[in-house]
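**Student:** Structure provided below as structure tokens; questions to follow.
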Ligand code: DGL
């Protein structure tokens, strides 16, 4: 491109201005585009480590700790990798937090048990009450992650962050999602805005609440979603961003006695009363209906549920449908039948809340319904 200059003095003036402007934009451009590594933080020294937030990582197993085996492509064993190895496999964690790691269990989370729940709850409460940690990260299988997260959100008395994290691919797989998920979970755990948000799940750049999150896909890395309440926020390898104010939670004491038996009955066409009668014979203290649509089921099954409620069994209508609230007194007269509508809670979460309510002596349908509403 050529520039024609009209007179010598103007030419000289204009050339100087042009050169000066070019220098400024070049310099500004360089600073603006200087790659992140040019501003890399110096490695943390012992003093800096000491100043970092203290995060206790509790490992329970799951795919995130899985390793491939020779059964064929995609096959793997859950929980094969230990807590310490998980932490040391993630570069950069030491710049975020001063981490300690403990093994609570080494299971596929389909085998999650009340005993492990108790171990997690007491270990976390102790760590917070005795000032051992500023936050806790739990590595966990995704199959029952939502139930453990919701359970902990109800029984922990703290405003410190607890973050559950898992993965959909084992550590040995192509595109293993575990290391980045652990890194992001620690980022969220130490973020100042995480305080007071209760128990959260962090997976694949997304932050979800314990109440809202559920597993929505059997294999996708984006499986954890909050269909009814929406995500709390988003995280990438440099930022944590919350997009909602912290919701209020509720606290329920975790008694020493074993949690009461609460069955989930899955509704389907041509539904009879047999499963419900078996639950009553099994001395279930609560029955959660995974109903069709807005928590519906057949007349025969409804009659059996009314009988159960009349005997003092807590009956909660939830839905097998993946999204939407189950509302009171729409196609079913909950007030007449003594039923509870699960609102936003899916069957597996409705079961957790029902167990803890019964364990705390809350069985009156009106009181149970208030707890399900939880200020919603
Ligand atoms: N065995 C399942 C579990 O531990 C695998 C699913 C996973 O962890 O992502 O929940």
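Here the Cβ of each residue, glycine as well, is placed from N, Cα and C on the backbone.
The structure displayed is predicted, hence computed values, not measured ones.
Relevant sequence annotations retrieved from TrEMBL are reproduced here:
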ACT_SITE  63  active site
ACT_SITE  142  active site
DOMAIN    54-245  domain 'L-asparaginase N-terminal'
DOMAIN    261-372  domain 'Asparaginase/glutaminase C-terminal'
**Student:** Identify, among the active-site residues 63, 142, the residue whose Cβ has the fewest other Cβ atoms within 10 Å in this structure.
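**Tutor:** Result for the active-site residues 63, 142: minimum number of other Cβ atoms within 10 Å at 142.
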**Student:** Mean pLDDT over the domain 'Asparaginase/glutaminase C-terminal' (261-372): what is the value?
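**Tutor:** Mean pLDDT for the domain 'Asparaginase/glutaminase C-terminal' (261-372): 98.
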**Student:** Could you give me three numbers for the domain 'Asparaginase/glutaminase C-terminal' (261-372), the DSSP helix, strand and coil residue counts?
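**Tutor:** Split into helix, strand and coil, the domain 'Asparaginase/glutaminase C-terminal' (261-372) gives 45 helix, 23 strand, 44 coil.
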**Student:** In whole Å, how far does the CA atom of residue 63 (active site) lie from that of residue 142 (active site)?
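**Tutor:** Here the two Cα atoms are 8 Å apart.
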**Student:** Tell me the coarse DSSP state (helix, strand, coil) of residue 63 (active site).
**Tutor:** helix
